[in-house]
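Here the structure is laid out as structure tokens; the discussion comes afterwards.
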Amino acid sequence: MAENPMGKTSGYPDSFDPELLVALPRSTNREIIGVGDPLPFTGEDVWHAYELSWLNKQGLPTAVIGRFSFSCNSPCLVESKSFKLFLNSLNQEKFNDKKDVISLLTEHLSKCSGDKVGIELIELDASADQTKTPEGLCIDGLNVEIKDYHPNSSLLSCDENNVIEEHLYSDLFKSNCPVTNQPDWASMSIYYKGSAISHESLLAYLVSYRLHSDYHENCVEKIFVDLQKKCKPQVLTVQANFLRRGGLDINPVRSTHGEYIKTPFRFIRQ
């Protein structure tokens with residue numbers, strides 16, 4: 001398996017090469033935030049690939065949008081730049097049909113992540129019907145003074161005497177790539193049943209990630225753990241829809257209950 005190409009100059013492959021894939025153990029971040037087995041959540045990481053193409057048996061290019069679903073129970077993440085290079089190594093390969101492409105991608109991505117990967121190849125004329133806007137109440141218009149730009153769970157507060165069910169979201173989330181420091185923008189959705197979370201405190205907390213450097217999946221798991229520790233909801237789902245970079249968007253979702261995970265999804269900003 002290749003070394004992490006993030007932050008390095010990389011040539012684009014002209015033939016299929018599964019050795020380009022780089023696996024990153026999930027356990028590294030989970031040890032930092034105090035998460036062990038059994039996991040306190042279920043969930044998946046749904047990726048969309050917009051630069052996915054290969055040749056049919058006549059040599060004519062085919063272009064689709066790929067949707068890849070990685071279980072949060074898989075031992076490893078797939079590093080995003082290595083994923084991009086891996087997909088681009090398909091560009092000049094010939095296949096009889098999409099089933100052969102799915103079979104090849106499933107084999108190597110499952111091997112890299114350590115668990116079975118779900119794959120859909122979506123025709124371009126069908127993809128427009130699968131976008132939507134976030135559900136619930138947007139908290140971005142609140143008048144909140146911000147002083148913290150590194151994750152600070154002490155900002156969170158809730159009212160234990162007011163138990164509610166609520167769906168909130170913010171389009172203001174930003175973190176940064178831990179290797180290149182490039183900005184990663186996202187719409188962050190929080191659904192919960194339990195003690196009412198102060199909207200102002202939640203907005204300030206989410207904005208506190210603005211200078212934080214970490215992978216998308218790790219940010220979502222930290223947010224989930226912080227909300228669970230501070231507010232102790234009976235039901236909690238945290239979903240981040242990150243904007244695409246390098247032809248890929250990543251959408252991690254973590255939940256106390258699998259039935260509250262709604263897929264497939266792709267927000268209009270993506």
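Count begins at 1; order follows the chain as displayed.
The backbone N, Cα and C atoms fix where each Cβ goes, and this holds for glycine too.
As annotated by TrEMBL, domain 'NADPH-dependent 7-cyano-7-deazaguanine reductase N-terminal' applies to 12-121.
The feature substrate binding site is assigned by TrEMBL to V78, E79, S80, H216, E217. Non-local contacts of V78 (substrate binding site) by the CB criterion (under 8 A, 6+ apart in sequence, same chain) comprise L21, V22, A23, L24, F70, L109, C112, S113.
Counting only residues at least six positions away in the same chain, the Cβ atoms of S80, Q182, D184 sit under 8 Å from the Cβ of R245 (NADPH binding site). Under the heading NADPH binding site, TrEMBL lists S80, K81, R245, G246.
The annotation active site, thioimide intermediate is assigned in TrEMBL to C177.
D184 (active site, proton donor) falls within a strand segment according to DSSP. Summarising the environment of D184 (active site, proton donor), the number of other Cβ atoms within 10 Å of its Cβ, over all protein chains shown, is 23. The active site, proton donor annotation in TrEMBL covers D184.
Considering only the recorded positions C177, H216, E217, the residue whose Cα is spatially closest to the Cα of K81 (NADPH binding site) is C177. For the domain 'NADPH-dependent 7-cyano-7-deazaguanine reductase N-terminal' (12-121), the DSSP-based tally of helix, strand and coil residues reads 35 helix, 36 strand, 39 coil.
For the recorded site, H216 (substrate binding site), the DSSP three-state label reads helix.
Take the CB of K81 (NADPH binding site) and look out to 10 A: across all protein chains shown you find 21 other CB atoms. Residues S80, K81, R245, G246, recorded as contacting NADPH, have a largest CA-CA distance of 9 Å.
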